[in-house]
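Below you'll find the structure, written out as structure tokens, and then a few comments.
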Amino acid sequence: MLRVIAPQRPSLRFGSSAAKNTSILLRAQLDLADVVQRSNEYKESITKRQLPKSLIDDVDYIVKTRPMQSSTYTKINTLKRERAELAEKVQKKEPNVDEIKRRLGEIKNEIKPLEKLVKELQEEIYSRAEALPNLLDPTVPKSETQEELVQYINTTSDEVSGFADSDSTRDHKTIGEQFHLFDFATASKISGPSWYYLLGDGALLEQALVQYALSKARQHGYTMVIPPSIVKSEIVRACGFKPNDQNNEKQIYQIEDEPRSLTGTAEIPLGALHSSTIFPSSTKFPIKYSGVSRSYRAEAGASGKDTKGLYRVHEFTKVELFHFTTLEKARDELEDIKNFQVKVIEELGLKARLLNMPTSDLGSPAMKKYDIEAWMPGRGSWGELTSSSNCGDYQARRLGIRFTGKSDKATHVATLNGTCMAVPRVIVALIEQNYDKENDVIRVPKVLVPFMDGRDIITKPQ
């Protein structure tokens, strides 16, 4: 099991031990009334996502226990009002003071266990509610496991029907090593499996993809951000990411003896950029960020062809898109992100397909998700290049992000995220699709030529 281990005396200082446990977030501002009122929809979301059935029990517990919590609050408030009235009588030195004092003592003894019960119920209800997934968008596929094809990109259904099984002559790892674009063997010795060196034109290709993606994003109204790659673990959890998957396989690198984690995507620090914030009514939504960062994923449990070459690695560069907007505009914003991603893939010339993903493929925060997959002939299969998700107010409630609307009442915003450029995956697709066997060169997409020193081909080093 891969794990980041801090040395006894780390050279990178994270602050005093007192600062380690400092929380920056308040309790998640969950809508418990919504869980009760729409309990069947929450159960449907759990079932269609194929999540543990224990979560359905959690919904039932909340529905059953909320009235008990409410009635207990009522009892406490009734007793407190009686206590205040009796205390006033004592102050006025009314008759039967001894009897009044006796009753005050009884009230004290009655309130104490009720307050304890309310606290216990509140903690249990919040704990269970926080684990529930988001509700589903009504336009997700009806099938729990089968995605819906939205469109092909740079190809047609007729051409796709002719795609064959894997072609070893187009394997990106073999080609890349012959062209000295990367070195897995040395990286494996010094870092372990699924790490790599990008060399020469391989490194240049990564930078070209990043610069192209950022340039494209700026043209589309995104503000560029370079976020931290280490964040507090509470931020990771608030964004809906869990350290382990359903099979208890490690997915997130956590720093030992520190409540911090390495981010698997810039979505996490970008989402937290406005944590504990109330936007004024004058705010113009959407607020759009493009973040470039290194991303770290434990990928425990991965096996087979996915672990070969650059397809599934532990560290990589990614350009992420993130939107803050209103709930009313969230669906339109998802379409905007999706259309932007399609344009990027079109300009790169990659043969790909856009999919509306099934519910079993959605993370807990997502109400709906699109993926773009490119055909990778060396692997003989489609491979994910981008995803985009509408998370509604799921993350905002946990990160404490609201805005003041027309009624001057603070309302939670909606958050959306999408991949602009997952560099290793795109390199895989570019090499496997653009390798020119006849001339033994890799053809560079036209939009990348300005970032590749004006070169439109990659050749083997002399």
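Note that the numbers count up from 1, one per residue, in the order the chain is shown.
Backbone N, Cα and C atoms are what each Cβ position is placed from, and that goes for glycine too.
When TrEMBL records THR265, ARG297, GLU320 as binding L-serine, the matching candidate from ASN154, ASN417, ASN434 it lists for that site is ASN417.
Looking at 41-68, 97-124, 377-404, the range annotated in TrEMBL as coiled coil turns out to be 97-124. Nearest Cα neighbour of ASN417 (L-serine binding site) among the listed binding-site residues (GLU299, HIS314, PHE316, LEU385): LEU385. Here the binding-site residues are THR265, SER387, ASN417, and the one with the most other Cβ atoms within 10 Å of its Cβ is ASN417. Cβ-based neighbour count (10 Å, all protein chains) for PHE316 (ATP binding site) stands at 22.
Comparing CA positions across the recorded positions THR265, GLU320, THR419, the one lying closest to GLU299 (ATP binding site) turns out to be THR265.
Beyond its flanks by at least six residues, the coiled coil (97-124) meets 61, 65, 68-69, 72-73, 75-76, 79-80, 82-83, 86-87, 89-90 of its own chain at Cβ-Cβ distances under 8 Å.
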